[in-house]
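Structure, as structure tokens:
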């Protein structure tokens, strides 16, 4: 029976090659996109689900509030986790921390003196192997991190450093630390997680550092706990206030609170400050899922539309089958089977397209080809394809099986009105979706273009950044700077504690009108005298730092206009000379700069302070010399060679690497850029599939209107009038689709743009452009079918009449 259905289906497809090809191609493209997005969504939703007891695993977040300031941080003071475990052993089963001294890049030196710059290097607790899906390949999890100066390395790092040698017992040096670490284990991460690691040092190495033992304000440690069974997160959170009161610094505990975030929610639902890694967003999962479903719907619409339209050409076939004894149910089963077989032909083509696409994009998407042929995935897709074939074939099957053989054999084909309302509704639905995607893509592109080109209030495009946190360059900075400045391409050199607009710390301040011992927290950078001029910032009141006033400036700061207003000085000039107390002591404001964006454009400009780097010859001075910013007038090879030579003369234990500040700013919008690319691809595919359907439908209508057009042509109608006859109906449908798309696209576009503090004004152009584009594309599609009919000789069309 199945063989018969396949033969009949193939025979039917061969009779209408154009329409069959359009049907199968449209469905194959849609299915391949659907498969691709399904795998992507599966990966996104699988983040942190593979950990042992993931349902009881939480990250501790911290909120710090003061006047006009709130920090919602993904990290905590290093002591928080340790003392929570000590105080609540009946509630917490395991605790681990990840701490990197806020150094995202660490230089590792091997025993053979080879140097490597590595990301994802953390100090952590030994419980990490009980809490996370980290498989220890070599070593004993009870002892690998149980004492100072022990370290474990990932399988990839072990192979990179020592090849096939056994790494256990090898020594590595973390540049900046005096002692060597002994490799005690090798591990691999088995499942996808927001926690990416290459090397893990024992937290016991730094746990005894005095500044960490005594610190309850600085919060650089990402802290995770596994609650015991039957301990609810809500009940445990209720214990935080008492804990904070017991341990935290009196300066900050009144404004500090903690809460728990399920680890499975971190990647898609956590958007806090100081995240361990850039997270994605659940809304993008919804957007991509919607796009994939929309594509399938459009392909199914094409299927139904073309099947019902071309069923009119199969009237005699149906009549013969009915006369020879076929029942209505047999005909329904036959045409449902045809629909399902066509869906599976498209699916096999889609698998091929997906295989090629994923093989090419696998490194960047972290989606393996093996996922495509995973038994569960194949089972789900088989079910979906069967459902698509069934749903797409239901209406055509019932429509076709209802033909009256007597009417068909008399030569009276089913009227053009048969199924006409449904076909119109489906065309409107198709183009409504296509226009919505065009509008959304246009707005996304323009929003991203605005963000990538916006003036941040400083000259990001001319700034090269060197990471020097792993060096002692802060202690010999003046000589290093002089050597850099000897090249004409170097306009200026300055230092900063963090990379401006990419990351920053919040500092404690007390100012006029505040009681002693009460602190506010504001974002700040520690800089030197050349920072403002190097970055091209504008002083609007007071003066810049200057070596002429080194002694006076050592206890002074510069604030932005918003911080001056926050302190109560609407006129920036009034802020000059006002007292500010920092961790460095009593300071005063000497200058006010124009506001600049010190975060991504998702956030509005807030208060910000620039504090001078003082005591540069001691360890404290070295700590705040974490980055050197070089203002360049070109970055040709000669300039880069000069910079590298100067680096090697002054730094012999860290490889020379650099980054451009404008590139770092663009990385802040990586998720949005990825979304824009995918959305643009979907918009193109949607338009292509909709046009394929319209092309086939127009071809059918053109055949039906051949005689009408021939008569009109004989009566003197010109080309435009004849084209109007063929396009009028489709034009009205496109206009209805355009009108329908406006409120839908407005709702989604406004919702997306609301996430940005700085956003474009939409205006009417996206709608005008999308509507015009839809009309132009549809008219060209219809014209390509009607052109031959319009220019044909009327005598050939009407000779049989």
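Cβ coordinates come from backbone N, Cα and C, glycine included.
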Stated TrEMBL location of transmembrane segment, expressed as one of 247-274, 331-358, 471-498, 499-526: 331-358
TrEMBL annotation of transmembrane segment - which of the ranges 192-214, 215-237, 284-306 it falls on: 284-306
Transmembrane segment range according to TrEMBL, out of 653-677, 678-702: 678-702
Outside the transmembrane segment (764-787), six or more residues from its ends: residues with CB under 8 Å to it: 431, 434-435, 438-439, 442-443, 687, 691, 694-695, 698-699, 701-702, 709, 722-723, 726-727, 730-731, 734-735, 737-738, 741-742, 745, 749
Closest-packing stretch to the transmembrane segment (331-358), where packing means Cβ pairs under 8 Å, from 21-41, 421-445, 678-702, 731-749: 21-41
Positions on the same chain near the transmembrane segment (421-445), where near means CB under 8 A and six or more residues out: 291, 294, 297-298, 301-302, 304-305, 308-309, 395, 672, 675-676, 679-680, 682-683, 686-687, 689-690, 693-694, 697, 729-730, 733-734, 736-738, 740-741, 744-745, 748-749, 752-753, 760, 762, 766-767, 769-771, 773-774, 778
Same-chain residues near the transmembrane segment (678-702), Cβ under 8 Å, at least 6 residues beyond its ends: 18-19, 22-23, 25-26, 29-30, 33, 287-288, 291-292, 294-295, 298-299, 301-302, 305-306, 309-310, 423, 427, 430-431, 433-434, 437-438, 440-441, 444-445, 726, 729-730, 777-778, 781-782, 784-786, 788-789
Within-chain partners of the transmembrane segment (731-749) [C-beta distance under 8 Å, separation at least 6 from its ends]: 424, 427-432, 434-436, 439-440, 443, 762, 766-767, 770-771, 774-775, 778-779
Summary of DSSP states over the domain 'ABC3 transporter permease C-terminal' (681-794), given as helix, strand and coil counts: 96 helix, 0 strand, 18 coil
